[in-house]
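This report refers to the structure that appears directly beneath it.
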Amino acid sequence: MNASVEGDTFSGSMQIPGGTTVLVELAPDIHICGLCKQHFSNLDAFVAHKQSGCQLTTTPVTAPSTVQFVAEETEPATQTTTTTISSETQTITVSAPEFVFEHGYQTYLPTESTDNQTATVISLPTKSRTKKPTAPPAQKRLGCCYPGCQFKTAYGMKDMERHLKIHTGDKPHKCEVCGKCFSRKDKLKTHMRCHTGVKPYKCKTCDYAAADSSSLNKHLRIHSDERPFKCQICPYASRNSSQLTVHLRSHTASVLENDVQKPAGLPAEESDAQQAPAVTLSLEAKERTATLGERTFNCRYPGCHFKTVHGMKDLDRHLRIHTGDKPHKCEFCDKCFSRKDNLTMHMRCHTSVKPHKCHLCDYAAVDSSSLKKHLRIHSDERPYKCQLCPYASRNSSQLTVHLRSHTGDTPFQCWLCSAKFKISSDLKRHMIVHSGEKPFKCEFCDVRCTMKANLKSHIRIKHTFKCLHCAFQGRDRADLLEHSRLHQADHPEKCPECSYSCSNPAALRVHSRVHCTDRPFKCDFCSFDTKRPSSLAKHIDKVHREGAKTENRAPPGKDGPGESGPHHVPNVSTQRAFGCDKCGASFVRDDSLRCHRKQHSDWGENKNSNLVTFPSEGIATGQLGPLVSVGQLESTLEPSHDL
């Protein structure tokens, strides 16, 4: 069969074994749109129509199809038939050699063989023939019909229908496990991986695995240190767009409107190439970002200075501190949290999952921030510096506790006595004294202690430094070594005053002080004097412990830290501007007041009578440092970069 293509029809000839030449002219397939019912004989026009979206129009009336058989033969034709059929008719029967046409293709069933050559011209469409419609332009984009929405798509009505579910709130796809609903089926499939634990997308560099490809792409930027999202106002760059969106809120609205524009003086191609990796802000996004940059959300509770530019969600999370709302509850220990991410971190305590591991040792942490703090131990990095003394710490919480040494803030107070502490762990240990509980038991004897430190001291004194030859027990290794010399056979060093002998000249010099009347080591608090510095240190520790702490004195025989020493902690004189409205306690720093208020919410209102209030002014006595402003003590605990 020789076929040629001319326009939208196909013609050709076929030699039938009976000697009859059949000329066949067929119309191409007609494609019908399933939404608007338009007919297309051109496949390219049909594809362009589906991609650009279709408009619901009235389906044109289909004209009846006409099939005409024209016989051209050398001898008189036996029969010439002209048949008019409707578009619903698909079966054709002729008296000449019979042809059955199915779906635009032809077959022939000869009924008889003859020598006469007959040429039959057949013109038959496979479907209803209509006027060829004009294909919509391929560049046509559908716009959202909701006012104020600038969404446009060139991917047809299905994509537009998915977008309209955002406005209508339609979420037909529901999770069978947790009941969460989604507007798109692919979102539901990705969500189901949270329940099944399937993470098909794995990192080739480390053990990271993700449930979707976008999370893996974000993770790969950590290894490559790629930061494609750049701020057009400052040198800031981030690995994902959400971080850049949050960063843009820190800029004011005026800076956004003036600086986010395309740089002047650059060609169009060069300017577009320069802005390619950055986030392109639409007019609506600029207005929304400018509004967020202008508006600051303040806490409405009196005395709270919390401010945020990150929207109402951030403010709602903060308000839970005041309201005490903790909607997220642990299933194992019934502990409640105000934020879901805190509950997720807490759950790792029960599951023992520690995904963040140190590459220098065997340490593993449940969160990345704990791992960063641990890595500073290896690098000995101390970015948090005190502005009043040379003290530096590895994390902000240590610096916060250290600043209370300057200010004298003790926000953690005992409800049963007047004891006050700088950190909560000290208060917890103190409360065991009132309860009479002794949870720490010695494994060598029946002694029980209220604190773990007391148990360690007991084991060190009673069960560690024992003499192998007698029942002697020393407090430390030095006592045991000194005693062990008594069991040695050779004592070359002998005292000229008595029968004392030893093997060490230094021990003999110490012994010689027994015979002399000079007592050079004297106590500053009483008339006690001694010949040995260790005896004076024991005396001060037992009798004058509180007085030594008040005056910040070093043990006798050791040089105390100078004014510029790393352990020098001067007190400061400043007004206690942050006062508690429930018990009258006042503090220098706001964080101390927050810790104090948390005690009220934890213990209840019926225990406020036992609170010990602070004086309204600064420390009256013992001022060792200069006058310090409150602003200097309220400085944010940001790491210092001048290490």
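Note: Cβ is positioned from N, Cα and C throughout, glycine not excepted.
Note that the coordinates shown come from a computational prediction; the quantities given were computed from them, not determined experimentally.
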**Fill in**
Which range is zinc finger per Swiss-Prot? Of 28-50, 465-487, it is 465-487
**Asked** Ranges 141-166, 297-322, 609-634: which does Swiss-Prot label zinc finger?
**Response** 297-322
**Prompt:** Expressed to the nearest Å, what is the distance separating Cys498 (Zn(2+) 1 binding site) and His539 (Zn(2+) 2 binding site) at their Cα atoms?
**Reply:** 28
**Fill in**
Cys498 (Zn(2+) 1 binding site) falls, by three-state DSSP, under coil
**Item:** Cβ within 8 Å of the mean position of the Cβ atoms of Cys495, Cys498, His511, His515: remaining residues of the chain near Zn(2+) 1
**Value:** Pro496, Glu497, Tyr500, Leu508, Ser512, Val514
**Message:** Fewest other C-beta atoms within 10 angstroms of its own C-beta: which of the binding-site residues His511, His515, His539 fits that?
**Reply:** His515
**Asked** Residues near the Zn(2+) 2 site, Cys523, Cys526, His539, His544 excluded, by Cβ within 8 Å of the Cβ center?
**Response** Asp524, Phe525, Phe528, Leu536, Ile540, Val543
**Item:** Non-local residues, at least 6 beyond the ends, that sit with Cβ under 8 Å of the zinc finger (356-378)
**Value:** 345, 348-349, 394-395
**Prompt:** With pairs 6 or more apart in sequence, are the zinc finger (297-322) and the zinc finger (201-223) linked by at least 3 Cβ pairs under 8 Å?
**Reply:** no
